[in-house]
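Here is the structure we will look at, set down as structure tokens.
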Amino acid sequence: MSTATLTIDLDAIVANWRALNALTGCETGAVVKADAYGLGAARVGRALMRAGARSFFVAVAEEGAALRQALGPAPAIHVFSGHMAGDTDMIGDLDLIPLINSLEQMIRHVEGLPGHPFGIQLDTGMNRLGMEPGEWAALRDIALGQAPRLVMSHLACADEPDHPMNAQQLQTFLDITDGIDAPLSLSNTGGILLGPEYHFDLTRPGIGLYGGLPHADARPVASLEIPVIQCRNIEPGESVGYGNSFVTEEPRRIATISAGYADGVIRAMGPKALVFAGDEACPLAGRISMDMMGVDITHLSKDPKTLDLLGPHQGVDDVAGYAGTIGYEILTSLGARYARRYIGG
Ligand SMILES: *Cc1c(COP(=O)(O)O)cnc(C)c1O
């Protein structure tokens, strides 16, 4: 088999959720948008539910519908994009909680699904989603009269603890939620790590569950083992891969492995990336192709059967560093072609 194997450690996800939960005195939710950051929302959701998670968050109603089928009727499933045109039946039938982010959505919700649960999303400076303070001031009494399940906002700079934006958004959130008795939520993973004043009633960790920064103490969750398809010797002056970008000055042994940019091995990481044969690091040789890449294995004592891109020696943030991106993008880029293997849970 030449398909690479992505192993997802559900016990590590549960341990990471518990570790974040232990940092707060409030409820800990779980963000499972984008198929749980590429790791499988149904499997991840079920494992977290068994561990005690009761509140889940997704980006769009379709994700919420799929999650409801996987988790059954018990947990609360919140939708960040709120109540969009065309979503009314799905929100109603599958008991989703839209996080209403504008007056227009509020009207759509109360007209389309009178009495159906909803939450409120407020903008505190990120200018991405949520009602602006002025819009909220006009709507506040009407919305609070309908008993929202949650009132939330989102931090723009939570992964930079010293950034003044954090305190500024916290103060804005305190101001615009003053006197509200609905449950409040402000923090993603980074917000949890900022300290108790950011926790409120419910936290919304995502990346910290999946082993990524800023949850530096997280247990690694994903490992990726890529089969070697072929090995060959090359002589001085010979090149490897498209564009002849790698030309050797001495004899080398090159392995061709079965994953490429179509599998989320971002092409831009090319010249810097390493893969591992057990404990031994091996540099890539030449450009990353769509389905394959070359690896310099000259220093290994024997040809490996597989090489690891993600594993004990290299996590999602290391790999992100090669491409100048973040662990979130590495995880959500993980290809659909991988055989996914779950352990634990
Ligand atoms: C994605 C997201 C989260 C989770 O953020 P992490 O940084 O992955 O913990 C929480 N809240 C909102 C609104 C989000 O969009």
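First residue shown is number 1, and so on along the chain.
For all residues, glycine too, the Cβ spot is worked out from N, Cα and C.
Listed in TrEMBL:
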ACT_SITE  K33  active site, proton acceptor
ACT_SITE  Y242  active site, proton acceptor
BINDING   R128, M290  substrate binding site
DOMAIN    221-343  domain 'Alanine racemase C-terminal'
MOD_RES   K33  N6-(pyridoxal phosphate)lysine
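Of all Cβ atoms in the protein chains displayed, 11 besides its own lie within 10 Å of the Cβ of R128 (substrate binding site). Each of the recorded positions K33, Y242, M290 was assessed for Cβ neighbours inside 10 Å, and the highest tally belongs to K33. Averaged across the domain 'Alanine racemase C-terminal' (221-343), the predicted model reaches a pLDDT of 96. Candidate recorded positions: K33, R128, M290. Nearest to Y242 (active site, proton acceptor) by Cα distance: M290. Comparing M290 (substrate binding site) with K33 (active site, proton acceptor), their Cα atoms are 26 Å apart once rounded.
The distance from the Cα of K33 (active site, proton acceptor) to the Cα of R128 (substrate binding site) comes to 17 Å. Annotation note: R128 (substrate binding site) sits in a coil segment as assigned by DSSP.
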